[in-house]
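Structure record follows, encoded as structure tokens.
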Amino acid sequence: MATDTSSPMDRFCGSTFWNATETWWTKDPDFTPCFEQTALVWTPCAFYWVFVIFDFYYLKASLDRNIPWNKLNVSKALVNLGLLVITALDLIMALIKKGGDSELPLYDLDIWGPIIKFATFLLLFIFIPLNRKYGVQTTGCQFIFWFLLTVLSIPRCRTEVRLDSERQKILDSQQPSDQDFSWEEYQFVSFFIFFTFTSIMLILNCFADGLPRQTKYQRGENEIPELSASFLSRITYMWFDKMALKGYRNPLEEKDLWDLRPQDSCSEVMPIFAHHWNQNVRKNYRNKARVEPKAQFSNGNVTFENPHGEKNGRKKGMASIMPPIYKSFGGVFLFGALMKLFTDVLTFAQPQVLSLIISFVEAQEAEPEWKGILYAVLLFVLAAAQTFILGQYFHRMFIVGLRIRTALINAIYRKALRISNSTKKESTVGEIVNLMAVDAQRFMELTTYLNMIWSAPLQIALALYFLWQQLGPSVLAGLAVMIILIPVNGVIASRIKTYQIRQMKYKDERVKLMNEVLSGIKVLKLYAWEPSFEKQVLDIRDKEIATLRSTAYLNAGTSFLWSCAPFLVSLVTFATYVLIDENNVLDATKTFVSLSLFNILRFPLTMLPMLITNLVQTQVSVNRINKFLNSEELDPNSVLHDSSKPHPMSIENGEFSWGDEITLRNINIEVKKNSLVALVGTVGSGKSSVVQAFLGEMEKLAGVVNTVGKLAYVPQQAWIQNATVRDNILFGQTYDRKRYNKVIDACALRADIDILSAGDLTEIGEKGINLSGGQKQRISLARAVYSDADLYLLDDPLSAVDSHVGKHIFEEVIGPKGILARKSRVLVTHGVTFLPQVDSIYVMKMGEISESGTFDQLVKNKGAFADFIIQHLQDGNEEEEELNQIKRQISSTGDVPELLGTVEKAIKLARTESLSDSISVTSADSLMGGGGSLRRRTKRQDSHDSVASAASLKKKQEVQGKLIETEKSQTGGVEFAVYKHYIKSVGIFLSVATLVLNFVFQAFQIGSNLWLTQWANDQNVANDTGLRDMYLGVYGAFGFGQVCSYIGSVVIVYLGALIGTRKIFIQLFGHILHAPQAFFDLKPRARILDRLANDIYKLDVVLPELIRVFNSQIFRVLATIVVISLSTPIFLAVIVPIAFLYYFAQRFYVATSRQLMRLESVSRSPIYSHFSETVTGASTIRAYNVGDRFIEESDAKVDKNQVCKYPSVIANRWLAIRLEMVGNLIILFASLFAVLGGQTNPGLVGLSVSYALQVTQTLNWLVRMSSDIETNIVSVERIKEYGETKQEAPWELEQDKNKPKNWPQEGRVEFQNFQVRYREGLDLVLRGVSFNIKGGEKVGIVGRTGAGKSSLTLALFRIIEAAGGRISIDGVDIASMGLHMLRSRLTIIPQDPVLFSGSLRINLDPFEIKTDDEIWKALELSHLKSFVKSLAAGLNHEIAEGGENLSVGQRQLVCLARALLRKTKVLVLDEATAAVDLETDDLIQKTIRTEFKECTVLTIAHRLNTILDSDKVIVLDKGQITEFASPTELLDNPKSAFYSMAKDANLV
């Protein structure tokens, strides 16, 4: 055998271990048998022994148990057993054949080889039952092990087959040989059995095991397939295919989504986080190791400790959320970091392989072809490995982000339920909600990038190291350029930010103004004022556009830095390199390896600045969350529950504060069992505070508070949840029909529930928006009554309801005969009426109890209580009968004359008021269901319970009561017409110009790179500096071309987009102003505003950016294809199938992802609204002690949001993996063809491969951008839809110009058989009305509601167009003139005075055509002169939105002043119903009689006395004229309708 110069491995095998000539320097490479049997087998084994720790971890972490035996795991066990047998047999055979006296020597390999394999297989075998027992369905380590083992055994297959054929040759050669091949034969057979078994194991490991029998959480049929997906399916995300397909076929809905993975749900994440948080809190206390803080609020198994501890514990510092986060989620994060490190290293392996490929092409003749193929495949394998690992890395990071967000949201939620009032004062509800919405969200966005903190510097360092190897110190020049660019970028970014703030300010102004225009659109139409307001809006819009234009230039700057930085850097570096030293020559390897390294550098350098700002923001968030989580909590021990005390509720010597000065002192109250105690006192005397003290909401400074039993609490301001009426009353308890109906009737809610569209299943908006104050208060009371508690704290529940309802509630619920008669009750009240019926009264004054006792005792005392009653009676808001009751009560107590006097006065006052009130009282009585309706009520109860009929009824009611159109949400793709519309708005020229410039830019870029290859390949440069300088110069010129074309293309995109969006806005706004009134009745204002604000914002800011990136990326891909095809034309053959793959992935993704994003944003807001609701209602939640239920609700909402969020995260990964594989294929084919295609130009090869290396990222971006463009171009679609609505008649017509300036001169108005309806398809509201009014006549129009009075005026102004007949003024048909011509020549004083924000002057004269004198004259006549004179700004006084800073009367007078300024021949007076007090009304009437003497005046009257002196009266009924004569004539005829109206009004 060989001499002893051999290596230990050679001795171990008994043959050569490594032979370079046989393996590398040959046309036909092969490994030595020794290498195949050691290195290639032991590598997988070593891998498994190192990583087996992960398998143990998965066993420990598994939530499931007990997978049943099935075909798969039985097969695994059997095959594994087979491998064990074969390996053991190898060892035995070796000992038999080679050991002992056999002539074959026995080497170490023959013994150790089988032993190592046997040990590894045994370990794997043990894991089969273990994984079964612990419910682990698939493991990655085992898959990778079998994969490696199978792949690495392939070389030995080849060797064995060769040796066998050689043996056959020897045996066939008929030469008698005494060689014994039995050992070799055995090895041949045993190896192939081994190889077959490993291949089978690999295939078996591609599938996941069956479902476990025991799971910690119920697995629904909707369970996420990932849980039972195999490792292979997990790394390729094949399990997501179903969802992608479903989303592609039709838009996804909520029911299509999978359940959440149990490990990500609140119930799994929270206990871990809480455990670490509590540890952290305890650590923060010195000398308090023994006593744990008492504040433990438990929910399930999650208890959060109060970081405030007891007051005396000396506090070390704030407990921070960071350590618990590291401890809870750090493991997954570290594993991710490990993956990141791996991919970073792989990234830098690529340029090394590239340099190998280039040198292979340079030495084409000398090198065997297989090396080239090896390099190409190696490049592909590196790229693919990177793809898979990165996919897992991002996935892991997203999960960590989601879990951190879950943990923080829940921690914040639980904390919010127990913060003390002083903490609550420090921040608004909005700020607390922001902690959840903004700060917790921030973490999630950060986790993906967090590893860049170490990864970016590492990448930069490695890149510089490899660059230094290529180019030496001249790298520093390039680095300098990069470093200089960072602050430049920063400066530009801060400028952009200031512009953005300015633009947002203009946007807000514009939206506010548009909002007012839309809310006052009817008035604008009546006055023909649209052009003035259109101009105002467009002026603001122009300022906004100017700001956007400046931003566009700056944006062009940043994107230029982004795109051209790599070029500048390479230019500077190469120039420095060739100019420092004559001997420095650029060759292909240097050039292209450096270029690809520069490309790698680009990413970390741009990421770092972004990351740093993100980190700073997150640090701010951390501090805010810490401050909140460390704030003071309510002391749960301030209220005792000691049942040995005599009374269920008591306070002894209590002193309380709201966190600053003492609010209540010397409080002694006891509430006996089943008694009713009233707290009375003036406003601010501390009544509510006593209730809060009982609840433990106040800070107790001294004394004892004791409550025994279940509490119910009715706060002063009702707290209503965004749920159905029934849910608000049940408040988490089960529905008991009899009790429920009893409560509803007692709380006088029956009538209200009948009015609501879906009965008690009607949903109430946020903060009870669709209920009146009284209804909210009664629902709040019903909740308390239904809860059936022992103790009731009622904080003034009767203040918000009418007096008769209050009386009903006191009798039925609170009083001695009410439902609550057997409970202990504390009632805070302002009403005197009920006091005689309570058991005892405590009178509060200045935070102390001034006196207490029964009603009679207190009246006799003549103390604070008597004063209270006197003061109360003087306010005079009691009913007569109630006062009589009080009078009887007081007189029965005897000697209190002055009190009686006050009562008498109050009774007189009440009598005079009740006359004017009589109408309202009767209607209210019927609403209460007076005497005879009891029978009806019981009947109704039964119908109430049949839910089915309620549902059908609800549908019917919804259809009947539906005025507002529902909004169509776009699903599916966007039509081409939309794109066409947008391109048209931008302008064909600019659109083409961008494309051309982008094309030119790419052409320059390819040109400069081709020039580089030319330079690198030119052998003469080494000796000729002139030639070198020429190359450098041209390279620089190409660069200059790139810069110019790029900046041009970017600026044009932005400016084009702005031109487009400006046009689109003017069109849209004009269109909306020209829309008929019906349009505004059908569409809610918010929706129209959304078009004008959000959609326009998207066109202004979002779209141009997307289009720019999309353009540059698409040309980049084309450039890549061009370059690769230049160097290897055969590549074009592969591009078609690759393009197909790409297209499919993209279509599937866009459809699914878009819908997932929509679902996610819909499911996110409930978390926050539920939270803000909780914060507002925290005291109620605590009083009823239902905190745990609310925490569960919040958890459920967070989980539901995760359900939508998780698939959209996966969709991103799914796409990324598929696209990157497409990119990797491009890399593979580009490098393979370069190597095989006999391409001799090393420069071109380097170029094409370095382009291919970048293509993956570009493709990824391209899909993201195209899907984003599709999502945002929807805005154009929505705007386009509004731009195609029906318009009203034209404003101006040519023939209007010939009409005289002062038309109409006489003011004759004539209706001829006039008919009108509000909208197509509705009934006529005026049916053939004819009458004739002479010039200057005064006419009153009367009729019941809905008779068509208002329609008459609307028709006169052509707000609604005629359906038949005609109206003429001064003999001219009004339908034949422009709307503005008509409307500006009539005057109207509308029913509700609408004012716009802006100066008073603009409100009177928006076109600014009147002189100051005229305006002052008008103000004087409308009795506003003195008021305006008293204002500092006079006519320029700013009026608030909707005229909020003027009284209603003043607003009405401003409308009068408008009319006086116009003063046309025809005046329409739409009388204000109730807005105006009598005084103002008289003023207006007087002015009109004097100033409009000459004019025709049409008055729509609601009060008859205003029109009794008019010339004629028109009585309308159901759209027809029933009477038309002078008022005296009609009053003389007792049969006339007018007479009966006058009689009702007590005028006759």
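Just so you know, glycine gets a Cβ as well, placed from its N, Cα and C.
Please treat TrEMBL annotations as automatic predictions, because they have not gone through curation.
The domain 'ABC transmembrane type-1' annotation in TrEMBL covers 334-617 (among others).
Residues or ranges marked as domain 'ABC transporter' in TrEMBL: 649-871 (among others).
Under the heading domain 'ABC transmembrane type-1', TrEMBL lists 992-1271 (among others).
Positions annotated as domain 'ABC transporter' by TrEMBL: 1309-1543 (among others).
The feature region 'Disordered' is assigned by TrEMBL to 927-953.
Residues annotated as transmembrane segment in TrEMBL: 39-58 (among others).
Residues or ranges marked as transmembrane segment by TrEMBL: 78-96 (among others).
Among residues of the same chain six or more beyond the transmembrane segment (111-128), those with a C-beta under 8 A of the stretch's C-beta atoms are 12, 37-38, 41-42, 45, 48-49, 52, 55, 73, 76-77, 80-81, 83-84, 87-88, 90-91, 94-95, 139, 142, 145. Under the heading transmembrane segment, TrEMBL lists 111-128 (among others).
The transmembrane segment feature in TrEMBL is assigned to 135-154 (among others).
Taken from TrEMBL, the feature transmembrane segment covers 186-208 (among others).
Remote same-chain residues near the transmembrane segment (324-342) are listed as 269, 272-273, 276-277, 279-280, 389-390, 392-393, 396-397, 399-400, 403-404, 407, 447, 450-451, 454-455, 458 (criterion: CB distance under 8 Å, separation of at least six residues from the stretch ends). The feature transmembrane segment is assigned by TrEMBL to 324-342 (among others).
Taken from TrEMBL, the feature transmembrane segment applies to 373-395 (among others).
As annotated by TrEMBL, transmembrane segment applies to 449-468 (among others).
Under the heading transmembrane segment, TrEMBL lists 559-580 (among others). With a cut-off of 8 Å between Cβ atoms, the residues of this chain six or more beyond the transmembrane segment (559-580) that come close are 467, 471-475, 477-482, 485, 488-489, 492, 586, 591, 594-595, 598-599, 601-602, 606, 1005, 1008, 1028, 1032, 1035-1036, 1039, 1042-1043, 1046-1047, 1050, 1108, 1112.
Feature annotation from TrEMBL assigns transmembrane segment to 592-616 (among others).
The transmembrane segment feature in TrEMBL is assigned to 1032-1059 (among others).
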* Asked: When the pLDDT values for the domain 'ABC transporter' (649-871) are averaged, what is the result?
  -> 88
* In contact by Cβ distance (the transmembrane segment (373-395), the transmembrane segment (135-154); 3 or more pairs under 8 Å) -> no
* the transmembrane segment (373-395): which same-chain residues, six or more beyond its ends, come within Cβ distance under 8 Å? -> 235-237, 336, 339-340, 342-343, 346-347, 349-350, 353-354, 356-357, 360, 448, 1209-1210, 1212-1213, 1216-1217, 1220-1221, 1223-1225, 1227-1228, 1231-1232, 1234-1236, 1249, 1253, 1256
* Same-chain residues at least 6 beyond the ends of the transmembrane segment (592-616) whose Cβ lies under 8 Å from its Cβ atoms -> 347-348, 350-352, 354-355, 358, 445-446, 449, 452-453, 455-457, 459-460, 463, 466-467, 470-471, 478, 482, 486, 489-490, 562, 565-566, 569-570, 573-574, 1009, 1012, 1016, 1243, 1246-1247, 1249-1250, 1253-1254
